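According to TrEMBL, the protein carries these features:
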- 21-44: transmembrane segment (TRANSMEM)
- 50-74: transmembrane segment (TRANSMEM)
- 86-106: transmembrane segment (TRANSMEM)
- 112-133: transmembrane segment (TRANSMEM)
- 154-172: transmembrane segment (TRANSMEM)
- 178-197: transmembrane segment (TRANSMEM)
- 229-247: transmembrane segment (TRANSMEM)
- 267-287: transmembrane segment (TRANSMEM)
- 294-313: transmembrane segment (TRANSMEM)
- 333-352: transmembrane segment (TRANSMEM)
- 359-377: transmembrane segment (TRANSMEM)
- 389-412: transmembrane segment (TRANSMEM)
Amino acid sequence: MTDVNTGIIKTAASFHYKMGLLFLMYIVQKIFLCFSWTLIPIILRSHGASLGSIGFTALVYSPWALKFLYAFAVDRFYNLGLGRRKSWIVPLLIISEIILLFLAVLPPEENLKLFMICVFVLNLIFATTDVAVDGYATDMLEPHERPWGNTVQMTAYVIAYMLGAGVFLIVYENQGWLTTLLMIAALQLILMIPVLFHDEISLRFLPGSSGIMDRLTLNLPRFLRQPNILIFLIFSALLTISCQGGSQLRLPLLIDLGFDRIDLGKLNIWVGAPMTILGSIFGGFFLKSLGLGKVFAMCCTGIAGLNFFSAFISHNLSPVIWQIMVMTGWDKLMTGIVMVLIYNTIMTLSSGHNSATRYAILCSITHLAGLGIMPITGNLCDITGYFKLYTGLGTCALMTLFMGICLLRYPLNFFYQSNQTKEQHP
């Protein structure tokens, strides 16, 4: 199919092949990161670290927010023989495998600083891989396939979360660090094999349209000043802050309520992971059937209710298990819907030349909002306590609802609908 806005002719590949390939490329990045994302707050809280300190550990994931600084290189430099996207994906995945094997002999309790440095480097590697994968997805998917591409992206993340934050957390508690890391490295290697050896889905350009190298320079200030981009950045920042402001603190909350690592692992496997998958499916379905504005309103309302319920849980010194399951499932359900909403909009805004760079810029700014709010909410929670923090976040989510509806009423909705119409009817 031809995209008249970009001059791109996409090589034919079956829908299921593309979805399967994307699933593998997304899940392989996330298994260890989900494991470390869950493990670090648990270890620190178990050793008496403050919530503010735990919030600052999110900075080891800052490469995801800063990838816009080097994303242009992923679009510009590549080896034709290996493929435009595989030139980055293949070597970076191999390097990550080597680092995982090194980490296997480095238990975090014995040398936390060196462990955090290695986690930072792995985040840099996987964030760069993600730039290439996101650009690849934007290039290969037709407009009508993008919501399902984002659903596959979220499903891959959820299964990685179920494995990293569930299965491997339990394995770590029972079998120790070395066995756990070797199992993660072995699983990642198995998942990498189809990605390493597949033939890249290539792109060609219409006669008369400029080639990739002629269109690689992206004017960043001009790109960010576009009305639809500005509107999106404001609305995504509001939504991300409302959703993620209290998400990381729910793990320390459960530790403070007396839950151990095995309990949390089982909770993530049987409640967290299925609800995130359900949320991503709902997000793709509702986005196609209801539109951007209504899904945004649904997200804000759901996040507000979640934060108020979390405040209730924190105020109850002896919550029953079903209340904990509801809070965890509700959290992951909203995460799935919000992420599909944000990433599908980013993919629509990024289609065309420089797709990897555009996607990385918009994702980075979204990640910056999420990472920036975590140390703030962590310190606020140390001062005010869980109840007041979650009550405040619930109120902020309701305020976001009214501000977001005003922002989304005209420019972004118009662009979103008209851009997809042009792509579907060249």
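Glycine is treated like the rest: Cβ placed from N, Cα and C.
TrEMBL does not curate its annotations; it predicts them automatically.
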Stretch among 178-197, 267-287, 333-352 sharing the most Cβ pairs under 8 Å with the transmembrane segment (294-313): 333-352
Recorded stretch that, among 21-44, 154-172, 229-247, has the most CB pairs under 8 Å to the transmembrane segment (178-197): 21-44
Same-chain residues at least 6 beyond the ends of the transmembrane segment (267-287) whose Cβ lies under 8 Å from its Cβ atoms: 38, 147-148, 150-151, 154-155, 157-159, 161-162, 165-167, 169, 254, 259, 294-295, 298, 324-325, 328-341, 344
Of 86-106, 112-133, 154-172, 333-352, whichever stretch has the most CB pairs under 8 A to the transmembrane segment (50-74): 112-133
Stretch with greatest number of CB pairs under 8 Å, the transmembrane segment (229-247) reference, 21-44, 154-172, 333-352, 359-377 candidates: 359-377
Stretch in 21-44, 112-133, 333-352 most in contact with the transmembrane segment (154-172), if contact is a CB pair under 8 A: 21-44
